[in-house]
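Have a look at the structure below before the remarks.
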Amino acid sequence: MTRYLSPLERTLINRLQDDLPLVSHPFQELAQELDLSEEEVAGHIRTLRDDGLLTRFGPFFDAEALGGAFCLCAMAVTPERFEDVLTKVNAYPEVAHNYERDHKLNMWFVLATESQAAISATAEAIERDTGLPVLLFPKEREFFIGFRVNA
Amino acid sequence: MTLTSQDRTIIEATQAGLPLVTRPYAVVAESLGLSEADLIERLKHLKAQGIIRRIGAAPNHYRLGMTANGMTVWDVDDAVVDSLGEKVGGLPFVTHCYRRPRALPDWPYNLFAMVHGETRDEVVAKRSEISSLLGKACRASDILFSTRILKKTGMRLRGKEG
């Protein structure tokens, strides 16, 4: 479900993907740029969040810097076994996200664990449980700038 | 990286989001029994350590009408994958871009770029833009559309001392 976005809302969605200054009045700069009051800026962002167009406003933490380990994994599962394998894989609390994709490798999930060793251990446990190979695609490098809506 | 118990308290108090008022840190500081200046100082320290990546918001692609998402994958010459990866990551429609190991012989791709669009056709057109950018350095590519979300759980720091 989508709704009309005003030009101001589009600008805000884009600007909020940059880094706001860590100061007492974080919306002051945006307010001056947009010729609004700080209250108005905060109010517009609140509406975007309450309407579900922004997931949240605040600090974004680097999950790995917080001490966790993450790894993208993929499996090739036949249609006959899909639901059975899915139940087994999703039963692991370490499986954070799981997506079905249209490829021979059709099950793609992210393992989130407390340590790097737990990644391999969990992947091996899933292999034993399902009898299928789990391919590991750890992040070697991240290239990221950000997503933009047409403003 | 060692987090103090105060850092953990601050992370737990802010990871679900800040109040949308003109002085959000003052509100959070008061609930933690800190001064606004001390909280900002501590957050700046976490930022300098790379624990905080940025202060801002994340868009909900589905609610913005970006319901098609394709994981585009590319087999790019190792000698230039990092410089080209920076360019792909800088495209406005690429939300995530990573270099990952290949899994030969089944999986020759070492560059992953997530592309969102309103329709699959739009995502396919964007894939062509990436293809032009990579040029001859790219030997093969594919696109994997998600057909179903099978599980999605939020990441939350557990409330314990590290």
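Cβ coordinates come from backbone N, Cα and C, glycine included.
According to TrEMBL:
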{"type": "DOMAIN", "residues": "B:7-53", "note": "domain 'Siroheme decarboxylase NirL-like HTH'"}
{"type": "DOMAIN", "residues": "B:63-151", "note": "domain 'Siroheme decarboxylase AsnC-like ligand binding'"}
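Mean pLDDT for the domain 'Siroheme decarboxylase NirL-like HTH' (B:7-53) in this predicted model: 95. Here the domain 'Siroheme decarboxylase NirL-like HTH' (B:7-53) has, by DSSP, the following mix of helix, strand and coil residues: 30 helix, 2 strand, 15 coil.
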